[in-house]
Each structure stands twice: as structure tokens, then as C-alpha cells.
Amino acid sequence: MYVSYLLDKDVSMYPSSVRHSGGLNLAPQNFVSPPQYPDYGGYHVAAAAAAAANLDSAQSPGPSWSTAYGAPLREDWNGYPPGGAAAANAVAHGLNGGSPAAAMGYSSPADYHAHHHPHHHPHHPAAAPSCASGLLQTLNPGPPGPAATGAAEQLSPSGQRRNLCEWMRKPAQPSLGSQVKTRTKDKYRVVYTDHQRLELEKEFHYSRYITIRRKAELAATLGLSERQVKIWFQNRRAKERKINKKKLQQQQQQQQQQQLASPPPQPSQPQPGSLRSVPEPLSPVSSLQGSVPGSVPGVLGPAGGVLNPTVTQ
């Protein structure tokens with residue numbers, strides 16, 4: 001042993017006086033040689049216990065303590081349960097080659113399971129490690145270790161891995177298709193029967209805005225509430241406005257398409273041969289003379305004779 005090797009060395013390495021150089025004036029110091037301890041193999045548990053008892057008695061205060069402070073009470077050693085002695089005996093038994101668990105009366109986990117759990121229950125308390133392993137897998141998304149996999153396989157009665165703590169797992173992100181919701185699914189919706197819709201359409205065709213009295217009568221007749229009848233009329237008017245707006249847009253689009261398809265008409269240019277000369281207007285005297293056949297230039301007299309316009313000389 002290393003300890004015995006140091007003890008068996010020559011004591012000459014610890015001289016009685018310290019050698020010093022001539023330049024330093026140091027007083028000689030005497031060292032006492034260490035006692036010769038027996039070999040380490042000679043120790044026994046009983047000897048170790050006796051040495052510990054002697055050390056405790058040496059450290060315990062005697063009557064030399066002053067009365068002003070009083071002897072300290074070792075209550076901290078008495079605060080432990082009586083099981084401490086059993087633990088010390090178990091340690092001693094383990095040093096001698098035995099098992100400390102056997103000396104203290106503990107049994108193996110298999111014996112404990114055989115004595116205390118003779119029947120197999122489906123809801124076994126040992127499912128807690130599976131829950132803990134599932135929680136650790138949730139917090140740490142890395143690959144599970146072989147120990148956790150083995151524990152999960154042993155806890156499953158059918159041999160398949162099954163996690164008993166599904167409610168502790170983080171829910172997976174749903175797909176985009178499941179996240180899309182329509183407007184009517186999130187709200188309260190009334191499904192009208194064919195007879196109710198027919199009567200409501202008749203009333204809407206008669207009057208787009210229903211009166212309070214007619215609304216109460218129609219609700220009592222169809223088995224609906226007045227609020228439901230009012231909401232149906234509001235939705236029906238909105239639907240009609242939407243339909244009319246769509247029709248107007250379609251008409252405008254058709255007109256635009258027709259204008260783009262047919263080019264605008266171009267003005268026709270006159271041809272040079274088609275132009276004709278316009279006759280000049282005639283005077284009334286010339287027209288009158290031309291209308292009388294064989295007329296002689298002159299003026300008719302009162303007796304019906306013709307007067308010569310020329311003056312005779």
C-alpha cells in the first residue's frame with residue numbers, strides 16, 4: 001500500500017536538525033519522527049469503530065470548560081432517528097463483504113414487486129415514468145433514448161409503444177385547409193324550410209319592407225321569431241342589391257365590348273363628276289315674257305289695243 005510504503009521508509013529523511021546554508025542564520029528546529037503505524041491490511045471494522053469512538057471522546061469537551069459558557073450539548077447527534085445505527089451497521093457489513101441493503105432489511109425491486117403486487121392491474125402506478133418520459137420528449141424534441149424506449153415498451157401490455165399522457169403533449173399545427181373557416185360556421189345560422197322560404201319570398205315580392213304588424217303575423221304563421229323574419233328580409237334586400245349590381249356591370253361590359261368591336265363610321269368624300277351647276281334665278285319680267293307665246297314687246301291699252309312703246313315723231 002502507498003501509506004505503508006511511506007511509513008516503512010527510512011526515518012533518516014526527517015533529520016533531527018534542519019540543514020541550512022551558511023548564508024542564513026536560522027535556529028535549529030527539532031522534528032519528532034512519526035510513529036510506526038501497522039500495515040493498512042491490519043485494520044478491521046471494529047478497530048475503525050474504536051478509533052472513531054476515541055476521536056469523538058477526545059473532541060468532546062470535558063470539565064475543563066469554563067462555567068461562563070457551559071458544556072455544549074450534542075443535541076444534533078440525537079436528532080436523527082434510530083435508523084442511523086442500522087445504517088452504520090449496514091456500512092460495516094458492506095465493508096466486510098456483505099450487501100448493505102441486505103443488512104438493513106431491504107429487498108430487491110423484484111422481490112418488492114412480487115410481495116406487494118401479486119396481481120397485475122391495468123392502471124399501474126408505474127405509469128408515471130412513461131408520463132415523465134413523454135413530457136421530456138415534448139420539452140426536448142430530440143430522438144428518445146434507449147432507456148425511455150425500453151420503459152415505454154415494458155409498460156405497454158400489448159407490446160406496442162403507447163403514451164399515456166397524450167393530453168400533456170403540445171398539439172400539432174393543423175393544416176392550412178382545416179384553419180380556413182367560412183363565415184357561416186362561426187355564427188348562429190337558421191335553416192329555413194321550403195314552405196317558410198316560399199312564404200317569405202311571396203311577402204318580399206309583395207313588399208320589400210315588411211311592416212311590424214305583418215311581421216308579427218308572418219312569424220306566428222311560420223313558427224319563427226320576429227327577429228328571424230326581420231333578418232331574412234334584410235338579407236334578401238342585400239341579395240337583391242347584389243344581383244342588380246352584377247347585372248348592371250354585365251351590361252356595361254357588353255356595351256364596352258360592342259364599342260371596341262365595331263369601328264366608328266367615316267364621312268364619305270364627294271366625287272368630282274357628280275357636281276352639277278346650279279341655274280341662276282330668273283327675273284319676274286323675263287319669266288312673264290317667256291310665258292306668253294307670240295308676245296310683242298309692248299303694253300296693252302285700255303281698249304284692248306296694243307300700244308307701241310316707241311314714240312312716233
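Placed from the backbone N, Cα and C atoms, the Cβ positions cover glycine too.
The phosphoserine annotation in Swiss-Prot covers Ser60 (among others).
Sequence annotations record features per position, and here Swiss-Prot assigns region 'Disordered' to 113-153 (among others).
Look at Swiss-Prot and you will find 114-124 tagged as compositional bias 'Basic residues'.
Positions annotated as region 'Interaction with DNA' by Swiss-Prot: 185-215. Residues of the same chain lying 6 or more positions beyond the ends of the region 'Interaction with DNA' (185-215) and with a Cβ under 8 Å from any Cβ of it are 221-224, 226, 228-230, 232-233, 236-237, 240.
Swiss-Prot lists 185-244 with the feature DNA-binding region, giving sequence analysis as the kind of evidence. Mean pLDDT across the DNA-binding region (185-244) comes to 91 in this model.
Residues 190, 192, 200-201, 204, 208-210, 215, 218-219 of the same chain lie 6 or more positions beyond the ends of the region 'Interaction with 5-mCpG DNA' (227-241) yet place their CB under 8 Å from a CB of it. According to Swiss-Prot, the feature region 'Interaction with 5-mCpG DNA' maps to 227-241, an assignment based on similarity to another entry.
Annotation source Swiss-Prot lists region 'Disordered' at 242-313 (among others).
The feature compositional bias 'Low complexity' is assigned by Swiss-Prot to 249-261 (among others).
Annotated compositional bias 'Low complexity' per Swiss-Prot: 271-300 (among others), in sequence order.
According to Swiss-Prot, the motif '4S motif' annotation covers 283-295, on the basis of similarity to another entry.
Feature annotation from Swiss-Prot assigns phosphoserine to Ser283 (among others); the stated evidence is similarity to another entry.
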